[in-house]
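Copied over from Swiss-Prot:
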- Cys177: active site, thioimide intermediate (ACT_SITE)
- Asp184: active site, proton donor (ACT_SITE)
- Ile81, Glu82, Ser83, His216, Glu217: substrate binding site (BINDING)
- Ser83, Lys84, Arg245, Gly246: NADPH binding site (BINDING)
Amino acid sequence: MNTPEDSSLGREVAYPSGYDPSLLFPIPRAAGRAAVGLSGALPFVGRDRWHAYELSWLDAHGKPCVATATLHVPCESPALIESKSLKLYLNSLNATRFNSAEAVRARIATDLSTRAGADVSVEFGLPPIDAVGEGESIDALDIAIDDYGPPKADYLATHAGTVVEEVLASALLKSNCPVTGQPDWASVTLRYRGAPIDREGLLRYLVSFRDHADFHEQCVERIFQDLLVRCAPQWLVVEARYTRRGGLDINPVRTSPQMPTPLSIFRDLRQ
């Protein structure tokens, strides 16, 4: 079984001189899910949406082409794709000739699907940037915080009263690469229907990820599971928009299966 320590993270590697799908490094999701009490049927559906900013190849005549792309990895896939390996894989296309842009798109989709163990969709282009963002920010709350990890679900609580449907947001999420320790920065949005979530407790909880080491996808699943258990919403959506590294950013989203309306798709201003 692949582990993060077996990947190219934190190691000097030679950039590929030609197309090489073996560079893609899948990491099973099961271990990360077991750490937060997830096994068997998942309490959510969703995807890991990747934005690729540095995509290039050669056309049939050897002329370079450039593009951006959006990749959707379903959360039901048995494996996630380690980000440095995806960067190296995409770079392996730089000196490779393709007959058409569609051939590039199809090749990337096939290779990612094979490694992830589920159908991965690929489309050229990126979602628009939303400078305002979705939801009501909780970042201006005037509270003192001195707990930066490990993540503490005990901070999460609800208030008795009328059921609400609201969207809350924070730009203060930070976690760290589990191999290199590099900081990962993100804006997080949660949309839910249920008893009102205590906002001070929610902010303390999100800040308690600050010293936590885990992959982006697993952080979002931990947040979803903790909110589900501690706050018992009727339905819930959690999405994090991580900032770019190596020409890629990752945007995991997890939603309750009964989520009534589709999510809007956009990029954060910091992306």
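Just so you know, glycine gets a Cβ as well, placed from its N, Cα and C.
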**Extent of the substrate binding site in Å [max Cα distance among Ile81, Glu82, Ser83, His216, Glu217]** = 11
**Message:** On a C-alpha basis, identify the one among Glu82, Ser83, Glu217 that is nearest to Arg245 (NADPH binding site); the candidates are the binding-site residues.
**Reply:** Ser83
**Residues that sit under 8 angstroms from Glu217 (substrate binding site) by C-beta distance, when 6+ apart in the chain** = Arg29, Gly32, Asp48, Cys75, Leu80, Ile250, Pro252
**Message:** Quick check: of the recorded positions listed here (Lys84, Cys177, Gly246), which one has the Cα closest to that of His216 (substrate binding site)?
**Reply:** Cys177
**Complete:** Same-chain residues at least 6 apart in sequence with Cβ under 8 Å of the Cβ of Ser83 (substrate binding site), in sequence order, are Arg245, Gly246, Leu248, Ile250
**Prompt:** To the nearest whole angstrom, what is the C-alpha distance linking Cys177 (active site, thioimide intermediate) and Asp184 (active site, proton donor)?
**Reply:** 7
**Request:** Express in Å, rounded to the nearest integer, the largest CA to CA distance found among the NADPH-binding residues Ser83, Lys84, Arg245, Gly246 named in the record.
**Result:** 9
**Message:** Cβ within 8 Å of the substrate site centroid (Ile81, Glu82, Ser83, His216, Glu217 excluded): which residues?
**Reply:** Ile27, Asp48, Leu80, Leu86, Phe215, Ile250
**Asked** Just counting, how many other CB atoms are there within 10 A of the CB of Ile81 (substrate binding site)?
**Response** 23
**Asked** Which of the three DSSP states, helix, strand or coil, fits Lys84 (NADPH binding site)?
**Response** helix
